[in-house]
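Enquirer: Just passing along the structure, written as structure tokens.
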Amino acid sequence: MDEEAEVAEIAVLGGVGFNSHKDCESHPVTTPYGRITAYLTSIKGRSVVIIPRHAEEIHIPPHRVNYRGNIWAAHSLGAKRVISTNSVGSMRGHPVGSFVVLDDFIDFTRSRPSTFHDDKTVHVDVSEPYCPEIRASLRYSLEKRGISYTEGVYACTEGPRFETRAEIRMMSQFADVVGMTGVPEVVLAKELSLCYASLSIVTNQACGMTTQKLTADEVTEVVGKAQASIFKILSDAIGKIPETRNCMCRFAKEGACL
């Protein structure tokens, strides 16, 4: 990787409605997976790149997001830490607008590219998928602001449709929240030995948990109202992340290649 390209320590992958990059410097990045628009800024004295997950010209649906391009762009700009934001439906009755710090995931996706290694076998270890240091920083930030949160398991579905009641009944046996974008991001980050963690906001109750019809409007409405809060949480967390990585994420790819 060209040293001149290493302009960021930390990457933020913004989900639906995330617009905290609007006043930042645009920085297009060419990757093997296409062109990615990134935004450079400084938060709490740390160099940060913000990458809108769904792009901007159009809202790319979750099953067609350029996950490889986004993670590669973060890596190519020098980021070793990645924080993602995503919206989730709750299968545990979490209040709408509340936050979940993810601690594990289950993958129900089907057709999206999920690895950088199509021509060789790489069995990357995901026994601890989310970086403990970033997760600790997120918990610190939430607690500092007196914001209630939970930790939980994330089920990722293919989308773009919402889930059926039967699917939610099945997934609720194993997971706490459900979304459409957290995988393969987390795996791709592991393949590049990056630290990765997610801050999820509950935007609705999952299908069948209430009698209310699920709509995309409620997702954008909840996230829109929480924009200022999300940015403050991320800012405090970014300032708390250790400058030197002491977690095992940096060794994720060791011994993985056949």
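Note that Cβ sites are derived from N, Cα and C of the backbone, with glycine treated the same way.
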Enquirer: For the phosphate site that Swiss-Prot assigns to R53, H54, which of T181, T203, T210, T211 is also named?
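Expert: Candidate listed by Swiss-Prot for the same site: T181.
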Enquirer: What's the longest C-alpha separation between any two of M180, N204, Q205, A206, the listed substrate-binding residues, in angstrom?
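Expert: Roughly 15 Å, rounded to the nearest whole number.
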Enquirer: If I restrict to non-local contacts, at least six residues apart, and a C-beta distance under 8 angstroms, what lies near A216 (site 'Important for substrate specificity') in its own chain?
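Expert: When sequence neighbours closer than 6 are ignored, A216 (site 'Important for substrate specificity') has nothing within Cβ distance under 8 Å.
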Enquirer: Please state how far apart, in Å and to a whole number, the two most distant Cα atoms are among R53, H54, T181, the recorded phosphate-binding residues.
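Expert: In whole numbers, the farthest two Cα atoms are 10 Å apart.
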Enquirer: Roughly how many Å separate the Cα of R53 (phosphate binding site) from that of Q205 (substrate binding site), to the nearest whole number?
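Expert: Between the alpha carbons of R53 (phosphate binding site) and Q205 (substrate binding site) there are 23 Å.
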Enquirer: Please state whether DSSP places M180 (substrate binding site) in a helix, a strand or coil.
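Expert: The three-state answer is coil.
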